[in-house]
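**Q** Below are the structure tokens for one structure; questions will follow.
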Amino acid sequence: MQRYGKLKQLLQKNTGFKYLEKKVRIVRSFIHTVQISVKKKLFWYWGFKIFRIIAFCIGMLFFVRTFSYHSAIINLNAPQDYREDKQVLFTQRILDNKPIFTASSMPAYTQDYGMLYNYVVAAIAKFSGSSYVLHRIVSALFMFLCFAWLYKIARKIGGDWLTSFLGILILYHYAAFSQVENGPRPDSMGLFLFFVTVFVPWFLNFSYLSLIASIVASIMAFYTKPYFVLGVVYVGAYLLVCRHIKKAFVFAVSWIILFGLVALWVNWKYDFYFFNTLIIPNNYISNLGWHLQLQTKDFIVRDFALFITSFIAVSATLTAFIQRKKNIAHYPPAYFIICLLVSWIIIIGRMGGNAGAYLTYYNQLITPFMILIAVAYWRNNRSIVLVAFLVVSIFVLLIKTNFTVDVQAINKNRKEWEQYLNTYTSIFPLPSFSYYVYTRGMPVYDAGDAEYFPQGIPKNGSRQSNIADKIYKESIKDFEKKVNNKEFDILTYLVPYTNGVNNLMYSGYVRDLVKTRYRYAGIKKWITAYRNDEIEIWVR
């Protein structure tokens, strides 16, 4: 030991050895640092991977549960709300070559939507027959086409596949649990045509060919559900602000000409089409400030994850643009930011105050653009922030949502009611049974929208207004005459005919105790989904 100690002392006195020892220490320190760095990187790398896997699993669970609910709703052989029968009824009238949007079809067979959706379903129904299920399947197909559009665009602008999937999954959940997109209504088809109007020009760099396609799609959207024609406003605003004024002018003039020509043909073939879909709704649709505030507050709270992440993305993009940063291309495309701003203007200016809708316009016109903007900005290393936000939102929805639907109970309830009504030969039905009555060859008095005639018919003395007012008043007199003559075996309380119903007790009709059987059908008060009126059954 003494020898080794002396040897160590001799080596330490040697300058070369000191230099070598110093280098060894440096190498050891470097190796240690590298090891720590590698461990940290591996920790974050695998931690990030594991977190994404967990997020994907939660998303898939959310999708399975939502899709299961959606599938159950599709298989309902009953309407979900008060006026859902009118779409199935309209399709059947097209199949039967009966008139629609004419004086002879008012006020019973009228609606405030377009007709293109009904013609599309009717083309399929020729082979399978019209039904609630078929209408919901068609709506679901267009719904998934919308989501496919959004996912493709999200990936094209550099969005992470997981954030794109989770964001669109939340939108699907809202659609599946909405009586608007998941029912026999034109909303899903109209939204798809709206997306075609807005996204095709962007895909093809706003070429003239893409603008022609946009014009055609917007007109089709108008005749599916009128407000979806607003897609041309998005395209026109972008052309005017970010492209060339000449192209914006050509686009606007071309749209006006084609829209005018189609409108002339439609007005010639369906002389009361615009009266029913534009004039009457414009007179009865409300624009309430308190409802706008309520919806906007609920929307921000519900979609806080998408709202805050898209707000940060828009703010960062505008700041980068003002500062003229060179890497502006790495931010969300200006087109989608303009689309989002236009949507907010439309919602705040008019549509958000419509008390007849709750968050429907927000889901259709705002949420899709928030998703695109958020996934475009929060990508690469930043995507973990958006994933975390979306996972929390999905987890909350998983906990709060009731995914159960007793399809058998609802279908059984509907069947019991049809069996009950089968015992009568002269029926004045609720709108929710208008299709059932029609298939039995009985007259329909209100498919759901006749109640809007008193408030919706303008008092301007025009030819159409006078005709509609006369037809409606005659229908009321005809109803009261039939009540007084006891021509109905069974009647139901209906808003447009309040006076007649109030006088039923003096006309030999009495309340039927079975009325309470109609109040519930398993998932909700689906007959009185939008009102608190008491439903009454009166029998002779």
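Every residue, even glycine, has its Cβ placed from backbone N, Cα and C.
Annotations per TrEMBL:
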type: TRANSMEM; residues: 43-64; note: transmembrane segment
type: TRANSMEM; residues: 133-151; note: transmembrane segment
type: TRANSMEM; residues: 157-177; note: transmembrane segment
type: TRANSMEM; residues: 189-209; note: transmembrane segment
type: TRANSMEM; residues: 215-241; note: transmembrane segment
type: TRANSMEM; residues: 248-266; note: transmembrane segment
type: TRANSMEM; residues: 304-322; note: transmembrane segment
type: TRANSMEM; residues: 328-347; note: transmembrane segment
type: TRANSMEM; residues: 359-378; note: transmembrane segment
type: TRANSMEM; residues: 384-405; note: transmembrane segment
**Q** Per the 3+ Cβ pairs under 8 Å rule, pairs at least 6 apart in sequence, do the transmembrane segment (384-405) and the transmembrane segment (328-347) touch?
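**A** No; fewer than 3 Cβ pairs under 8 Å.
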**Q** Is the transmembrane segment (43-64) in contact with the transmembrane segment (157-177), using three or more Cβ pairs under 8 angstroms as the rule and ignoring pairs under 6 apart in sequence?
**A** yes
**Q** Are the transmembrane segment (189-209) and the transmembrane segment (304-322) near each other by the rule of at least 3 C-beta pairs under 8 angstroms (pairs 6 or more apart)?
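**A** Contact criterion not met.
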**Q** Looking only at the recorded stretches 133-151, 215-241, 248-266, 328-347, 359-378, which one has the largest tally of CB-CB distances under 8 Å to the transmembrane segment (189-209)?
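**A** Stretch with maximum Cβ contacts: 215-241.
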